[in-house]
Each structure stands twice: as C-alpha cells, then as structure tokens.
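Visitor: Structure incoming, see below.
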Amino acid sequence: MTGKFNFDLFGAVALTAVLVVSTTSLHAQSIEEKTQVCAGCHGVDGKPADKTIPVIWGQQAGYIYIELRDFKRGDRKSDIMQPIASSMERDDMQAIAEYFSKKSWPDLGQPRASKEISDRASNANRSIGCTGCHLDQFQGDGTIPRLAGQSKEYLTKTMGDFRTRARGNNPGMSDLMIATAPDDLAALSEYLSGL
C-alpha cells in the first residue's frame, strides 16, 4: 500500500510538473525553450532514463510530427503526451520535429545480438518485410521511424502494444505484429537495439 501510494504521489507530481512546464515551454520564443519539457522524459542528452520511452534525437522529422499530431488527436494514447501535444499548434509540432531530427542519435550502449538472435531476426524480417518501409539499415525515412539503436525495452513495448492494439494509430503495424510469433518479435527487438 505504501509503495503504491508513493508511486501514485510521484506520478501525480511528475504529471503536474510536465503540464506546467509544457504550457510555459510552448509559449517560449526559442526552439530550445520550447523543447525543454521533452528532456524530462526523453533525456537531456537524448537518452531516456526510462527505457520504455523512445529516443527522439536523430529520429525522422516526419515521424515525430505524425506522432505528435496523433497524440493531439487522441489517435495515440498517453497520459503524459496527450496533454502536452493538445496545446501544440501545427507549426510548433513541425519545428519540434525538425529540431530533434537534426540532433545526433545517442549511443545507448546496447550489446549486439548474438548470431542465433540475429539469424532469427533476419528470418522474421524476411517474413514480415520490415525493411520494405524501415529500409535496409532500419534508419527509416520521412514518416517511417528509425528502429536501429532504439532501446530494446521501447521496441518490445511498442511491438507488444501494436500486437494487442493498445497502440491504435497504425492498424497495418498491428496486423503485422499479430501475425508474427512473440519469439520472433523478441529477436527483432534485441537485434534492432544492438544496431
């Protein structure tokens, strides 16, 4: 009971801080001021402390914009991101997306996958066709996200959310994840995180 209370209290305080800072940041003048709120979760150096939160430094600008737009519309759910995105105008979303896309992708220091895992991931990729959209080096392009070097925990969570349709802003991804064996998805997460 005490642990849950502490977590609930911490969560409430953190969310309140995010909402206050987000309102302030969006009315700021410089892009650096506008993006300060993002560092609270996504990391001051581009490395999120919570590994289920995505790296956005160096991510594709079009993808960042679409995700912000989807949070604002409610097509993608998040108790933290929806309130932040709901107060953003289109120009803010585009500027923030451009800003983060121009930063260098951080090295999360994740290990390369073993040969066995890499082989399983390669077979899964051939079956699913990941590189058809995410490209050969999994760098993404435009509105397609970079997967290479993303945290294993985020990739695992996101693939699981697509699989259960908890993340509903891309039904095609949900269909692909549902059609893929959980062990293959685990191999893909481990492989991609080590690139």
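Note: Cβ is positioned from N, Cα and C throughout, glycine not excepted.
All annotation found in TrEMBL is predicted automatically rather than curated by experts.
Note that the structure is predicted; figures quoted are calculated from it, not measured.
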Visitor: Given that TrEMBL assigns Cys130, Cys133, His134 to the heme c 2 site, pick the one from Met93, Met173 that the record assigns to that site as well.
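Guide: TrEMBL lists Cys130, Cys133, His134 binding heme c 2, and from Met93, Met173 it also lists Met173.
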Visitor: Calculate the distance in Å between the alpha carbons (Cα) of His42 (heme c 1 binding site) and His134 (heme c 2 binding site), and round it to a whole number.
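Guide: Distance (Cα to Cα, whole Å): 22 Å.
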Visitor: What does DSSP call Cys130 (heme c 2 binding site) in the simple three-state scheme?
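Guide: In the DSSP reduction, Cys130 (heme c 2 binding site) maps to coil.
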Visitor: Closest to Met81 (heme c 1 binding site): which of the binding-site residues Cys130, Cys133, His134, Met173, going by Cα position?
Guide: Met173
Visitor: Between Cys38 (heme c 1 binding site) and His134 (heme c 2 binding site), find the distance joining the two CA atoms and give it rounded to the nearest Å.
Guide: 25
Visitor: For Cys41 (heme c 1 binding site), which of the three DSSP-derived states applies: helix, strand, or coil?
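Guide: Going by the DSSP assignment, Cys41 (heme c 1 binding site) falls within a helical segment, counted as helix.
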